[in-house]
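Here's the structure we're looking at; comments come further down.
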Amino acid sequence: MGSHAWGGAVFSAATLIAFGSVVHASGTVAETAPQSGHAVPADQLDGETLYKARCAACHDNAEGRTPSREVLSKNPASFILASMRTGAMVPMAEGLTLEEMTAIARAVGKADAKTDDGIDLRRIWGNSVEGTPLDAPQCSSAPTPVDLGAANQWNGWSTEKDNGRFQRKPALDVADIPKLKLKWAFQYPGSKNGQATVIGDRLFTTSTSGAVYALNAKTGCVYWRHAAEGATRTSPVIAALPEGAPAKTALFFSDFTKAAVALDAETGKQLWKTVVDDQPALQMTGSITYWDGKIYVPISSGTEAFAQIPTWECCKFRGALVALDAATGKILWKRYTTEQEPRPFKLNKAGRQMWGPSGGAIWVTPTVDEARRLIYVGTSNSYTDVPYDNSDSVMAIDADTGAVRWTVQLLADDNYIDGCWQKGKEHANCPNPLGPDFSIGAAPIYRKMADGKEFLLVGQKSGMIYALDPANKGAKIWERQLSLGSALGGIEFGTAADDGKVYAGVSDIASQAKDRGKPGLWALDIRTGEVAWNFLNAPDTKCRWNNWWCHGAFSQAISVIPGAIFAGSYDGHFRAFDTATGKIIWDVDTGTKAVTTLSGAKAFGGVMDGAGPTIAGGMVYVHSGYAGRSSESGGRDLRGTDGNILMAFSVDGK
């Protein structure tokens, strides 16, 4: 699912980034080849020769969203080194010593600021935040204890385990929405972040720099900051621990060290860390779900990008869901999205062994059906010609045992690798035929109506939205085509539902249509699938950033309260719509004018994508400036004022 890694300049949309798509945190080095006892110092190595041997094949002939060398050169050498050590390029850097990686980084990147001799890993922008100044003032007084009974909360990806993203108690009247004004803005380190979680007076959030923050929800001051050992973009979830545990409440997240992590929610101290899988190209994108003493961790992959490299051994990854004991971090069960283990099936055009089946990544946050004790997930496309039985599927998994109770495949044979759609290029690992990359990127929504009728609502990058029957093994109740879809949606991150309607944001940024599709927001009757209203946004909108990402796409997750729905779009506009009519109630441009952040710096918002609005305690929190797409480099220079900011709105800014 190429959509869940951030993009670069004016690149076509069907691709994951092959370099630096995630920025990892910590000076802790991920596993690489053993270091020689007689390593040659980096300053004695020819970084240019090493680059040509290991990197040029992709970056000198950049395709899709793979950044060109010119784009890479705008980044500090430390960022490039971090990508090879602990980031998305770890598989590509296999066998290189630290000195060789450093030589490549110096040859390609620009000199780092604020370093004395060589590269100071303690000051990597986008790498470890440890030892750097806080991004907002420290709170002057201690917080009250974390109260999971607080009325004002939004805990994790959604307010409830059904993933409806429906805040029933927002402490915000629809009549007051036009009076919302910016109260404070917090500039994240890193290029992306997890959605904010609010519990009482605490706000918890994560970033791809590895920074996990606890802020005051009303003022934005910092209670604590934890430096994780890897990039994280998942939404924190908070839960009580059993008596005798080392903390009363825990904060759970996953990171790109292939691990689930628990922190003491009061202090940020790490309680445990468990590596949940060790497959090649593994990523952690979907947020964790906590329920009944367990956490459920979805596993996704960057295989589509890495497989562009002819010498990369494609493809061994299988998506999975892992259940852990929340108190101890012990793995209770792991369910791959197919029972078939990848096996050798042919040599690619470069003579490398190919494996299959492979694919079925889980990009979404797991959904809980409490009555049936089932976990629902959506899966991604497959990567090879070998059929993958549960690709582009909805799966119902037993919450206690991990057994698969039923599956519904929405699209078969969606076999996809980045760059393969470009004609005239040699691609060693391309499946035949090539699929459209129509993964399920939005978490399934479980909704039980007042009369007991049940629905499982599923949006897909194909532009389709489905209502399945959870009481009848996922049988289709209705389906509706909202757009032609694309590798970046169609429906990407964003669906939400109240008690009568389901709402879907349509991206269409990568649409093959000449007019770049019909981005917008749709409202449908949950029972029938009939369209109640839709809002179409101009694809050729104007933005401060003059690049391919200036588009009217509604890709970011959306959120609903009684009477209003909040949605951000690629053009930087954050809007509230009347749920009955679709009329715009409120519209703020987050990307045109710089705002003063809590650190005192000026920063811009911009492209709105990924994790969506959090609404709690009469305030609305949303991030703007996703992945640097609204900067001059279109997503590669992570420093400066072009995002990535968390904006907190309140009535009259009070």
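Note: Cβ is positioned from N, Cα and C throughout, glycine not excepted.
According to Swiss-Prot, the protein carries these features:
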- CYS55, CYS58, HIS59: heme c binding site (BINDING)
- 42-159: domain 'Cytochrome c' (DOMAIN)
- 1-32: signal peptide (SIGNAL)
Neighbour count (Cβ, 10 Å) for CYS58 (heme c binding site): 23
Three-class DSSP secondary structure - CYS55 (heme c binding site): coil
For the binding-site residues CYS55, HIS59, the one whose C-beta sees the most other C-beta atoms within 10 angstroms: CYS55
Segment-level pLDDT (mean, integer) for the domain 'Cytochrome c' (42-159): 75
